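What Swiss-Prot says about this protein:
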type: DNA_BIND; residues: 136-214; note: DNA-binding region
type: BINDING; residues: Gly285, Glu309, Glu347, Tyr349, Asn502, Glu506; note: substrate binding site
type: BINDING; residues: Arg331, Asn332, Glu333, His339, Asn340, Glu499, Met500, Gly575, Ile576, Asp577, Arg578; note: ATP binding site
type: BINDING; residues: Glu492, Glu499; note: Ca(2+) binding site
type: COMPBIAS; residues: 50-62; note: compositional bias 'Low complexity'
type: COMPBIAS; residues: 524-543; note: compositional bias 'Basic and acidic residues'
type: REGION; residues: 50-83; note: region 'Disordered'
type: REGION; residues: 524-550; note: region 'Disordered'
Amino acid sequence: MEALKVWSLTATPLKQLLRLSSSSTRLATTIYGRRSYHLSPALRCASAASSSSSSATTAETSKPSGRNRRSASSSNSTSDREAIRSIRLKKVEELRGQGLEPYAYKWEKSHSANQLQEIYKHLANGEESDNEIDCVSIAGRVVARRAFGKLAFLTLRDDSGTIQLYCEKERLSDDQFEQLKQFIDIGDILGASGSMKRTEKGELSICVNSFSILTKSLLPLPDKYHGLTDIDKRYRQRYVDMIANPEVADVFRRRAKIVSEIRKTVESFGYLEVETPVLQGAAGGAEARPFVTFHNSLGRDLYLRIATELHLKRMLVGGFEKVYEIGRIFRNEGISTRHNPEFTTIEMYEAYSDYHSMMDMAELIVTQCSMAVNGKLTIDYQGTEICLERPWRRETMHNLVKEITGINFSELGEDLGNAKDTVLLALQDVLEPKDKSGIRACSSLGHLLNEIFEVVVEPKLVQPTFVLDYPIEISPLAKPHRGNAGLTERFELFICGREMANAFSELTDPVDQRTRLEEQVRQHNAKRAEAVRESPEPNAKKDDDDDESYEVTLDEDFLTALEYGMPPASGMGLGIDRLVMLLTNSASIRDVIAFPVLKLQQ
């Protein structure tokens, strides 16, 4: 693309900047006094803008930055930023002093950049469209500029892409052309209209007949070549990250497409989207520490939901047969590349089906989404080729543990102590000290099986794999297995060693459900009491973000609902953030959440 070299204020010493500010402002004022009131309103805006802006623009664009120039990380200091901001604020003041508003109310766009690229792709090099018939209007942010002689180029970026503005002195008055060169800063949001042309070098451009500053940017954008590289700052100022790195914004466009495809897929099977409470009287449906708030008017504690499950099941009790919800979940736990305290899931429930139906649905959702955003089913994730072609492997947890570790849990017997010793001996060379502690703390054979699976097997499940038939001790909401005592009809889907989905044949026996939930509460409260005893101070901050010191209560209303009768059903929860990570090749969950939760800035 012609003239894409960005001219940056950070490459200009401040003394030179201030010297240029003084001289160019005097020049611009003279220009404004001679001609400005004869311009159209749009051009008057640009003309008046130049009278107040020549200074900083000249400084910001007088020297092209390049790969061999000093990094903006050193020159774009707080003092430099404040100097830039001060100069740009003076431009704003002068604009308003002339009765012109540098923050427009509206601009009529006729096309997006991408539409223009498509509509006028037929233009040959050097060919121009009919100026009277094909007058177009566009708006976007100035991300690059260059001016020399009787020609100036601006690169404008909108939501769809970029387009070049071709600014000839012959088309604009002498005053207007100088004002264009001197006033417009990189980062400004500009509206422009004109005819279409493909330059001799092949760049499709708008030959500008008129322009207007729509929003005056006060702070400089990151350096073109070094960009916004501070990871923490990228997450804290995601808006700047999106401007500096267009591929970041593309992730969120693809995320939106994935969510849309999920809705389209499940609704094609007759599922109804519903909404359930975010503020709940009891945090149920999962075992996780909730966020707690207090409702002043009601005088009671409320919890941000940790799952949507229990209210969606109430919908089945109420007579709906296929329901789903895409919504935010909140868990007051640790943060990692795979965990954010606020995340998005789809949970769905279908009456008169079992967990085999949900395996088919999980395959369909993921493959449909991959085709929608990637156009293929073989994708790359962080250097590993993932094949999403159906059908996916389906294997029991027992068999996978035996396959990877050689330990057959069916032969360990009922003695928990002996089972722990056998496992620790067999895996002594692969277990970390914390893993051994976790094994010793297991309270049942089911917990022990799951612990070995999570530590040793789970990371090895790279290709899509359904892990079936989880122990009943860790699955309080799942129906008992029809053929294997002590197990449940539950599966989890793993891809790239990460859990993507969790599903059950849902437990509908209200008596069994109460017994299991009461046992879960009893076990948790025992751990909680131990955690409180071990705490040095009652209110001391713990290093472990996932400790057991929070309270768990029964959702009595849910248990009451079950007693009215819930039909046989299957249900599934699928993590949308992790699915987006997979399909956009994003390494961290923070890369797919626009504004992730972060530590307080020091």
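Each residue, glycine too, has its Cβ placed from N, Cα and C.
In the predicted model, the DNA-binding region (136-214) shows an average pLDDT of 91. Using a 10 angstroms CA-CA radius around Met500 (ATP binding site), the binding-site residues that qualify from Gly285, Glu309, Glu347, Glu492 are Glu492. According to DSSP, Arg331 (ATP binding site) is assigned to coil rather than to any helix or strand. The number of other Cβ atoms within 10 Å of the Cβ belonging to Asn340 (ATP binding site), over all protein chains shown, comes to 23. Around the Cβ of Met500 (ATP binding site), the number of neighbouring Cβ atoms within 10 Å comes to 22.
Counting every protein chain shown, 18 other Cβ atoms lie within 10 Å of the Cβ of Glu333 (ATP binding site). Per DSSP, the secondary structure of the DNA-binding region (136-214) breaks down as 10 helix, 48 strand, 21 coil. Among the binding-site residues listed (Glu309, Tyr349, Glu492, Glu499), Glu309 has its Cα nearest to the Cα of Arg331 (ATP binding site). Distances between the Cα of Ile576 (ATP binding site) and those of the binding-site residues Gly285, Glu347, Tyr349, Glu492, Asn502 are shortest for Glu347. What surrounds the substrate site, by Cβ distance within 8 Å of the Cβ centroid and not counting Gly285, Glu309, Glu347, Tyr349, Asn502, Glu506, is the set Ala307, Thr308, Leu310, Leu312, Lys313, Leu477, Ala503, Phe504, Gly571, Met572, Gly573 from the same chain. For Glu333 (ATP binding site), the nearest of the binding-site residues Gly285, Glu309, Glu347 in terms of C-alpha separation is Gly285.
Arg578 (ATP binding site) sits 8 Å from Glu499 (Ca(2+) binding site), taking the C-alpha atoms as the reference points. Glu309 (substrate binding site) falls within a helix when secondary structure is assigned with DSSP. Taking the C-alpha atom of Asn340 (ATP binding site) as reference, the shortest distance to any of the binding-site residues Gly285, Glu309, Tyr349, Glu499, Asn502 belongs to Glu499.
Classification of Asn340 (ATP binding site) by DSSP places it in coil, neither helical nor stranded.
Tyr349 (substrate binding site) has a Cβ environment of 28 other Cβ atoms inside 10 Å. A distance of 14 Å separates the Cα atom of Glu347 (substrate binding site) from that of Glu492 (Ca(2+) binding site).
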